[in-house]
Structure formats: C-alpha cells, structure tokens
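As given in TrEMBL:
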type	residues	note
COMPBIAS	1-16	compositional bias 'Low complexity'
REGION	1-32	region 'Disordered'
TRANSMEM	52-74	transmembrane segment
TRANSMEM	104-125	transmembrane segment
TRANSMEM	137-155	transmembrane segment
TRANSMEM	161-183	transmembrane segment
TRANSMEM	204-231	transmembrane segment
TRANSMEM	237-270	transmembrane segment
TRANSMEM	291-310	transmembrane segment
TRANSMEM	382-407	transmembrane segment
TRANSMEM	419-441	transmembrane segment
Amino acid sequence: MSVSPSPSSSSEDSGPVATAQQSVERSGRSGDGIISMSPGLAPVTSRHWRDVFWLGIFVMHLILLGLVLGVLGLNRFRKQDRLNIDKYTAGFLENQAGLTEDYWPLYAVAGGVGTVIGWTWLLLLGSRATQMMKVSVHVLTAYLAVISVLCFWGEQVFWGVAFAIGAGLQFLYVISVIDRLNFTMLVLQKAVKMVWNLPEVMRVACAFMIVMLLWLSLWSFGAAGVVASSMGDGGRWWLLVVFSVSLFWTGAVLCNTVHVIVSGMVFLVLIHGGREAVSMPPNPLLKSLRYAVTTSFGSICYGSLFTAAIRTLRWEIRGFRSKIGNNECLLCCVDFLFHLVETLVRFFNKYAYVQIAVYGKNFNHSARDAWELFQSTGVEALIAYDCSGAVLLMGTVMGGLITGTCAGVWTRIKYPDRVIMVGSTAMLMGMILVGLAMVVVESAVTSLYICYAEDPLLIHRWDADFFNQMSETLHQRLQHRSARAREVLTHSRLDDQIQESTGA
C-alpha cells in the first residue's frame, strides 16, 4: 500500500514517516515473548505475569484498608463508639462526636453526581464531546477563582490561597499552549470518532464505574466514620489524607485498567483495518479484559502509582518553559527540572499501557520501549506539541469540582464546620468517576500515536486526511526544533567568542 504525501506539506514530510515505517521492523523482537508484528496481522505474544510484587502490594493494601474503613465506619454507625475505639484517641478529643450516618449521605450525593457527570460524558461523546472539552478548558479557571473567593468568604484562608494558586496556574498554562489547541482538538475529535464506533468500550467504562461505586460505598462509609469521630481536626485530616492517597491509587488502577482494555481494542481495529475485518480475532474485548485483570494487572498497579503525578508536572514545566524568554537564570532552573522530569517520563508514561495491552511487557520495559520508539521516529516532537492529556485532565478536574461543590453546599447547610473536609474528599470521588469516562478517549489518543510511530500506513488506511495533517504538523515541529537548536548553538558560539576576546 502506497501513501501519497500531503499536498500542503513539503517532500521532507516523508522523512519522519519513513523513519516511523522502519520501526515496524524493530517491533519484530523476540524479547518479552514478542514473536512478530506486521501491518496486516495482530501481534502474537506469549503472556506472562508481570510486576507480581506490585500486584501483591495493591491487593494487600485493599484488604487492610477495607478492614480499617469498615471498623472506623461501624464504630460510629447508629451508636457512638460502638467498638470502644475512642479510648485510643482520648488525648486528641477536641470536637463533638457524631454518627457515621450523619455524613454518609453527603458522600452518597458526591457519588451520584460524579456518576451522572461521567455517564453524561459517555452519552454525549459522539455529538458534544468537543464542546464539552472546550468549556472545560475555558471555564475551569473562572470556577477555581470563584471557589477561592467562597473559601476566603468562609474564612478558609489556606484553601482560598490553594484554589487561587490553582486558578493562576491554570490560566498561565492555557495561555502558554493556546496556539496548540487547534491540533489538540483535532486529535481528540479523531479519538472520539474511534471510540464512538466501538460501543463495547463504552460498556466497559460503565462497568468499571459501577465497580468503583461499590468500592466508594465502603470508602465513604469509613471516611464518614472518620469525619464523625471524636478525634481533633488534625487526626481526622491525617486519616483522610491517607485514605485519599489510597483512593487515588485505586482509582488510577481502575482507570488504567480501562486504558489497557481500550488500547488493546483500538490497536487491533487499526492493525486489522476495522472491527468487521475477517482477520479480526474472535472476542477481542474479552481477551483484552482477561489480560488486563490477570497477567498485566501488576504492571497497571505499578504504573498507576507514579504516572499521573509525573505527567502533570511535565505539562506545567513544558508550558512555562516555552514562555520564559531570555531570563537565563530562570531558564536554567526550569531546564534542570525539565530534564529531571524527562528522565522520569522515560520510565513512567501513559504510552506504556498500549505496549502492555499489545505485547504484555512489564511496565518499565513498556514505558522505555514506547519512549525510544517515539524518539527514534521523531513522533516525540508531535506528542510534546499535543495537549490532549491536559485537556482531558481539565475536564476531569471540572467534574470533580462540580461534585465537590454539590456535596459542599449540602454540608454547609447541615454541618458548617465540616464543609472543607467533606467537600475536598467528595471532589476526589468525583474526579475518579469522571476520569473513568474520560480515559476511553485518552486510550484512543495513545493508541493512535503508537500506531503512527509503529506504522503510519495504519493511520493512513483509517483516515487519510488525519494522516496528512499529522505528517504535516510533525514536519513543522521538527523544523521548529532544528531552528531552535541552531539558534542555541549560534548563541553559544557568540558567547564563547566574547569570552575569548574579553580574556585576550
């Protein structure tokens, strides 16, 4: 199959494309059970259990935390100090104790609102997804600012400052990447097109949201018991922070499990030329699901600990780095952080989940291979220019803020001194539930980039116009990087000449 270059791009566009095509030959590796891969055939792999240690840690953490949550919730359920636990916190008594059922309905509201937002997102994915993402980008700053003002009005200075800083960072980030949003929206539209034609992945997302709700019912039962306990605010906050970190990890694991399932489906659709292709293996969704929750689950647990934090930090640093200008001192500090984060990205990136879905490797190996593939083909320049992950994160945060606001308003009416405590944890619940809906699009985006790097002809066969636009943008980004490199080299030589002349 031959590919004609984009009419609007120069002949040099074939450079990165040709390089990407060479990566197909490299994908026929024997390591990690990989046998072969060709554009017309699905990758054949022998699956082995990966990162089993982290699978054990995650399961043990769930069991232990589940027991603690159950005990703390039951201790205040319909009777104060039912299990006689208060004697261990006698030195920290500062507040009037309540009952678990006083606060549990507030978390039920958060779970309901988060689920409705997530399911609404999935239902509107085919018709209103682009508008919803644009609203998230432009409204989030104002929403954060309004919540900051409300926190100051309620004399919650710390949270007012925190939300104000969040609003400022969000505004600066959007300003720094405003020129990238057109390409970002194009990529997101194509990802939505892909997943909308795979209704089974929507059902997977809904099923995992139900699983998350079941865990949240236990988690919120324990959290309500903590809020109702007789401990002082310091003790309550420490426990809630620990429980929130655990919930974040659990939510990330479920989101990334969906990510692996959807990535496997999208990759198969692209490599076989459509879900109705004769060469498509039987029951591909069930196979992806089985691999995700068995042999690859340890890798998902491991990657979920670090990936989200590292990628968020990378987005912020990239946005500020592009707007620093000629401030050499600040540029030096940001460059140090940038290279540190780039090193971490090599071993912790979301594209690893596609490699896990397709080849069944461990997480670090998958992340490293994906990043080396992007760097060797030049596609990394395109990924750095794309902000689709950040836009989807903004939508997730927006959903979390709406959830937290709904729970916070009701808490304000019934228990004014518990607004921040309940509202902040409810916000996390909402973000996780909405994130389970958003991740289907993110999975499609990552799969599209992996397929483009592995074999651009797969993208061309699926959508020729999108292929041409990607190739042209990649060519432009590579030219931009070359120009910047020449500029830096020229300035360096001039500085050396000036120092030499001064020394002479």
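A Cβ is built for glycine as well, from the same backbone N, Cα and C atoms used for every other residue.
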With pairs restricted to those 6 or more apart in sequence, evaluate whether the transmembrane segment (419-441) and the transmembrane segment (237-270) have 3+ C-beta pairs under 8 Å. yes
Counting only residues 6 or more past its boundaries, what in the same chain has a CB within less than 8 Å of a CB in the transmembrane segment (237-270)? 42, 58, 61-62, 65, 69, 72, 194-195, 198, 200-201, 204-205, 208, 211-212, 215-216, 219, 222-223, 226-227, 231, 280-281, 284-285, 287-289, 291-293, 296-297, 300-301, 303-305, 307-308, 350, 353-354, 356-358, 421, 425, 428-429, 431-432, 435-436, 439-440, 442-444, 446-448, 450-451, 458-459, 462
Distant-in-sequence neighbours of the transmembrane segment (291-310), which means Cβ under 8 A and at least six residues beyond its ends: 47-58, 249, 252-253, 255-257, 260-261, 264, 341, 344-345, 348-350, 352-353, 356-357, 360-363, 366-367
Please determine whether the transmembrane segment (204-231) and the transmembrane segment (104-125) are in contact (criterion: at least three Cβ-Cβ distances under 8 Å, sequence separation 6 or more). yes
Of the listed stretches 52-74, 104-125, 137-155, 382-407, the one with the highest count of C-beta pairs below 8 angstroms to the transmembrane segment (161-183) is 137-155
